[in-house]
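Novice: If you look up Swiss-Prot, you'll see 270-397 marked as domain 'Ricin B-type lectin 1'. For C285-C304, C328-C343, C414-C427, C453-C471, the entry in Swiss-Prot reads disulfide bond, with the evidence type sequence analysis. According to Swiss-Prot, the feature carbohydrate binding site maps to D287, V288, K289, V290, E291, Q300, K305, N311, N358, N398. If you look up Swiss-Prot, you'll see N358, N398 marked as N-linked glycosylation site, on the strength of sequence analysis. The domain 'Ricin B-type lectin 2' annotation in Swiss-Prot covers 400-523 and is backed by sequence analysis.
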Amino acid sequence: VFPKVPFDVPKATVESYTRFIRVLRDELAGGVSPQGIRRLRNPAEIQPSQGFILIQLTGYVGSVTLIMDVRNAYLLGYLSHNVLYHFNDVSASSIASVFPDAQRRQLPFGGGYPSMRNYAPERDQIDHGIVELAYAVDRLYYSQNNNQIALGLVICAGMVAEASRFRYIEGLVRQSIVGPGDYRTFRPDALMYSIVTQWQTLSERIQGSFNGAFQPVQLGYASDPFYWDNVAQAITRLSLMLFVCSQPPRQSDSPLVIRSFVDRNDPVCPSGETTAFIVGRDGRCVDVKVEEFFDGNKVQMWPCKSSQNANQLWTLKRDGTIRCQGKCLTVRSPQLYAMIWDCTTFYAPATKWEVWDNGTIINPASGRVLTAPTGEAGVTLNLQFNEYAASQAWRVTNVTVPTVTTIVGYDDLCLETNGNGVWLANCVKGKAQQRWTLYADGTIRSQSTLSKCLACSGSCVKLAKIVNTDCAGSANSRWYFDNYGGIVNLRTGMVMDVKESNPSLNEIIAHPWHGNSNQQWFL
């Protein structure tokens, strides 16, 4: 009755593991949220015959079947030798329809990691990898020792259940697969550990986000924390969210942001108004000039300061206004500069804005978008026709420092540059030419040359070559990371593609989306 997803662990390749996780993810997903991230099905709509997924894993000496709850993608137990072993926080009646003829055995621990600590090592002390997963399956197949069972389940949870929920974890596993029969190990790092722990909180806050921003979620270890407070930070690493609620998608949502259908008629998420920085071109912040709040004062781009500087903190109100110290962001006419003014005395339509999920801020009355006409500090903002240019991209956030990361692509090779060219090469930890800085304006810049941006050579049309060139705030250098692993040019919808799936050509091109592995990227 229940869907079955098989995986032969000892024969794993990057392709077979990716296919396995994709099939599992597709079985779990109930649609795409308005934020562009897939989520699990609405529990209220799940029929009894749809409540579980059976994951059939083959190890070196035997096979077991993991039982997954489709409501939360958690493991409930496993079947081995016609005995169904289940966690002690899972009632036998709740899984009565799963293998009804099998014997039942309740394990002495629950499904959460805190409950397993008395039986298995701490997570950051447990090696993960394909060989370790195969041995984990064998432990579940033959062992009656609770410590061995707990260790096996921890590894299965990390490399199967959690990898289905997080592209970041899937990427860690992929990178551990060197080739057929050639596997490395890894241990959970701070990001893996914390996103798993904070998954429910992330799901709630993302689905309750307003204009892409949400209340910050602390990640990392307590001794070295970092924060996510914007959908753009999560969309590349989070594959599935718990179903919490939704808000109806606005007519202004970009079709390039959401590839699949968007759920509708779901409970509406409560979301509050957001006060944060608005970060844009070249990583600078929207700023009321010289911290003076008189009517008509100009709004400019300026290096981001601290949260103590009121002239860079903006409140995005539910009435469509964007306010700094109570004054509204506005323009006298589309041809003139952006400024602040008393919200109650200015022409109301000129004070109304829509903040699109793709980072565009549009004034509906004029049909034009907020633009930083140059990259210089102190440049006054204005309105221009929407070109989906990097000069027209914004992020509402309290994290003003750009993200620095590697970008891993086809064959688990790293994106690299050393001048104007862009290609894939073997990943080398710490290599500056493989470290990329992701700016709020949608540009992708090599850490070794921050004045250059990845861009299409000419327009981003099919087969256009991707090059590393001087940043100009143009549409051909504005990119969007989607939830499926694509790096999308917002203007044309083309994605970065390893030409002919052949890294030896040393060429990345723009191409229509087809979803094959040469268009899949991991951060």
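Don't overthink the numbers, they just go from 1 along the chain as shown.
Here the Cβ of each residue, glycine as well, is placed from N, Cα and C on the backbone.
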Novice: Specify the nearest of the recorded positions D287, C304, C414, C427 to C328 (disulfide bond), where nearness means the distance between Cα atoms.
Specialist: D287
Novice: Which is it, of N358, N398: the one of these recorded positions whose Cβ has the most other Cβ atoms within 10 Å?
Specialist: N358
Novice: Can you tell me the three-state DSSP label for K289 (carbohydrate binding site)?
Specialist: helix
Novice: When the domain 'Ricin B-type lectin 2' (400-523) is classified with DSSP, how many of its residues are helical, how many are strand and how many are coil?
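Specialist: The counts are 18 helix, 44 strand, 62 coil.
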Novice: For C285 (disulfide bond) and K305 (carbohydrate binding site), what Cα-Cα distance in Å is obtained after rounding to a whole number?
Specialist: 8
Novice: Would you count the other CB atoms within 10 A of the CB of C304 (disulfide bond), including those on all shown protein chains?
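Specialist: Looking across every protein chain shown, the total is 19.
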Novice: What does the structure give for the C-alpha distance between C414 (disulfide bond) and N358 (carbohydrate binding site)? Integer Å is fine.
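Specialist: One finds 26 Å between the Cα atoms of these residues.
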Novice: Tell me the Cβ contacts of C453 (disulfide bond) under 8 Å, same chain only and six or more apart in sequence, or just say none.
Specialist: A390, T443, I444, R445, N468, T469, D470, C471, A472, S477
Novice: Could you find out if DSSP has C328 (disulfide bond) as helix, strand or coil?
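Specialist: In the DSSP reduction, C328 (disulfide bond) maps to strand.
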Novice: Have a look at the disulfide-bonded residues C304, C343, C427 and say which one has the shortest Cα distance to N358 (carbohydrate binding site).
Specialist: C304
Novice: Would you count the other C-beta atoms found within 10 angstroms of the C-beta of C285 (disulfide bond) for me?
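Specialist: Looking across every protein chain shown, the total is 24.
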Novice: Please list, in sequence order, the residues in the chain of D287 (carbohydrate binding site) that are at least six apart in sequence and whose C-beta is under 8 Å away from its C-beta.
Specialist: V299, Q300, M301, W302, N311, Q312
Novice: Restricting to the recorded positions K289, E291, C427, which ones have a CA within 10 Å of the CA of C304 (disulfide bond)?
Specialist: none
Novice: To the nearest whole angstrom, state the Cα distance for the pair C427 (disulfide bond) and K289 (carbohydrate binding site).
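Specialist: Each residue's Cα considered, C427 (disulfide bond) and K289 (carbohydrate binding site) end up 44 Å apart.
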